[in-house]
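Input: a single structure, listed below in structure tokens.
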Amino acid sequence: MGTQKPRILPWLISQLNQGQLEGVAWLDEGHTRFRIPWKHGLRQDAQQEDFGIFQAWAEASGAYTPGKDKPDLPTWKRNFRSALNRKEALRLAEDHSKDPHDPHKIYEFVTSGVGDFPEPDTSLDLSGRYSTSDTHEDSLDKLLSGMDLASDAGPQSLTLALEQPPQLSLSPSVDAPASCPNLGVRENPLKQLLANDDEWEFQVTVFYRGCQVFQQTVCSPGGLRLVGSEAEDGTLAGQPVRLPDPAASLTDRGVADYVRRVLSCLGGGLALWRAGQWLWAQRLGHCHVYWAMGEELIPDSGHKPDGEVPKDREGGVFDLGPFIEDLIAFIEGSRRSPRYTLWFCMGQSWPQDEPWVKRLVMVKVVPMCLRALVDMARDGGASSLENTVDLHISNSHPLSLTSDQYKACLRDLVEDMDF
């Protein structure tokens with residue numbers, strides 16, 4: 001006997017009524033508003049029960065079988081969010097996912113109530129999955145099946161998109177539809193940013209006592225490693241970026257000696273690499289390293305650092321998800337442009353209470369694709385002139401989009417991320 005994938009809304013209502021999943025609950029007597037726990041998987045206080053609703057949907061929908069499939073929390077979470085976002089009867093009312101004490105999201109039904117979505121028949125068939133049907137959603141499926149909707153682009157379509165990038169003007173346009181260009185024919189070009197085989201390009205700038213002494217652009221599998229001028233371990237991953245000997249640029253011998261001492265403690269170096277939507281860092285030597293997000297011209301030295309790069313494990317230093325959300329808000333005029341420049345202070349504490357130029361070794365790392373995205377947003381909102389932007393990642397091509405299309409592609413990119 002065949003099985004049918006349960007409908008997300010009747011299934012979710014059933015879970016809410018049962019009240020067995022931690023933090024998943026109705027918020028009003030009319031059963032129109034409910035909350036879902038939304039803790040990030042990388043938080044140190046994350047527990048298995050924080051993600052029970054995502055795993056439950058993965059099991060019910062047949063995407064995950066315990067004991068057979070490998071657990072994949074980001075995919076479970078992304079699929080659950082995408083399933084809810086596709087339902088017009090539901091909307092995100094409040095987003096508290098970044099609340100440090102109780103991260104959650106509040107959804108509400110915009111129809112007359114949950115009576116429009118009867119609970120499923122939760123009897124199990126031989127496979128152990130739910131067998132259910134829903135008249136309301138079945139009618140929607142029939143309506144959609146009669147429309148000419150292109151399927152998602154596969155590998156062949158993606159190849160075509162890379163060989164023939166869209167040539168559209170980057171300008172505000174009332175005539176342009178607010179959707180990614182020809183998504184049925186070619187993949188959203190911005191999704192290259194998350195591709196496992198596409199490496200970001202980084203511009204590395206080194207300062208000794210506030211003086212720029214070095215700049216290099218790096219694009220390499222495995223990311224990069226900031227290493228001292230002495231010989232380093234070539235067996236480690238990441239392209240080594242060798243910081244120059246201070247004697248070539250500093251006239252003060254005493255300062256040069258101190259800088260050289262910092263470089264000698266770098267050991268295997270400071271590793272920086274991308275995995276999915278995150279940039280990760282780890283120090284492989286004895287030299288302590290502090291980091292913070294700042295402007296391209298100067299670090300945010302008037303405040304505390306965002307953190308210290310860990311030695312015994314990797315630490316996240318940048319999340320593309322909030323950056324894209326802030327970029328959309330910037331395009332809409334509701335906030336300033338998001339920051340994307342990483343500053344690292346090596347061998348000394350972060351310059352919180354004094355000028356950053358007093359520090360011996362400061363390194364600035366700019367992900368060039370993020371600079372391109374911000375430049376694209378600025379140009380699209382400030383000018384009607386055509387502009388072509390290179391994302392500065394491997395296998396990328398010059399990209400041109402209208403302002404509306406660009407914003408829609410950014411929103412589409414957010415759907416593929418884990419929050």
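Cβ from N, Cα, C; glycine included.
Annotation comment: Swiss-Prot describes T3 (among others) as phosphothreonine, evidence class similarity to another entry.
The DNA-binding region annotation in Swiss-Prot covers 5-111 and is backed by sequence analysis.
Annotation source Swiss-Prot lists phosphothreonine at T75 (among others). In this structure, T75 (phosphothreonine) is part of a helix by DSSP.
The phosphoserine annotation in Swiss-Prot covers S97 (among others). With a 10 A radius on its CB, S97 (phosphoserine) counts 15 other CB atoms from all the protein chains.
The region 'Disordered' annotation in Swiss-Prot covers 118-137.
As annotated by Swiss-Prot, phosphoserine applies to S123 (among others).
If you look up Swiss-Prot, you'll see 140-419 marked as region 'Mediates interaction with ZDHHC11', on the strength of similarity to another entry.
Taken residue by residue with DSSP, K191 (ISG15 cross-link) is part of a helix. Non-local neighbourhood of K191 (ISG15 cross-link): D412, L413, D416, each in the same chain, at least six residues away, with C-beta under 8 Å from its C-beta. Annotation comment: Swiss-Prot describes K191 (among others) as ISG15 cross-link, evidence class similarity to another entry.
If you look up Swiss-Prot, you'll see 198-358 marked as region 'Interaction with HERC5', on the strength of similarity to another entry.
Under the heading phosphothreonine, Swiss-Prot lists T235 (among others), citing similarity to another entry as support. Cβ neighbours of T235 (phosphothreonine) (same chain, under 8 Å, six or more residues apart in sequence): none. The secondary structure of T235 (phosphothreonine), as reduced to three states from DSSP, is coil rather than helix or strand.
Annotation source Swiss-Prot lists phosphothreonine at T251 (among others). For T251 (phosphothreonine), applying a Cβ distance below 8 Å and a minimum sequence separation of six or more within one chain yields no residues.
Sequence annotations record features per position, and here Swiss-Prot assigns disulfide bond to C265-C287. In the three-state DSSP scheme, C287 (disulfide bond) falls into the coil class.
In the structure as shown, the Cβ atom of K358 (ISG15 cross-link) sits within 10 Å of 12 other Cβ atoms. According to Swiss-Prot, the feature ISG15 cross-link maps to K358 (among others).
Taking all protein chains in view, 21 other C-beta atoms sit within 10 angstroms of the C-beta of K364 (ISG15 cross-link). In the three-state DSSP reading, K364 (ISG15 cross-link) counts as strand. According to Swiss-Prot, the feature ISG15 cross-link maps to K364 (among others).
The annotation phosphoserine is assigned in Swiss-Prot to S383 (among others).
The phosphoserine annotation in Swiss-Prot covers S384 (among others) and rests on similarity to another entry.
Spatially close to C287 (disulfide bond) yet at least six residues away along the chain are V262, C265, L266, G267, M346, G347, judged by Cβ distances under 8 angstroms. In terms of C-alpha distance, the listed modified residues T75, S97, T402 place S97 closest to K358 (ISG15 cross-link).
If you measure from the Cα atom of S394 (phosphoserine) to that of K364 (ISG15 cross-link), you get 21 Å. Note on the DNA-binding region (5-111): DSSP counts are 37 helix, 20 strand, 50 coil. Around the Cβ of T402 (phosphothreonine), the number of neighbouring Cβ atoms within 10 Å comes to 22. A straight line from the CA of T402 (phosphothreonine) to the CA of S97 (phosphoserine) spans 31 Å. On a Cα basis, S97 (phosphoserine) lies 17 Å away from T75 (phosphothreonine).
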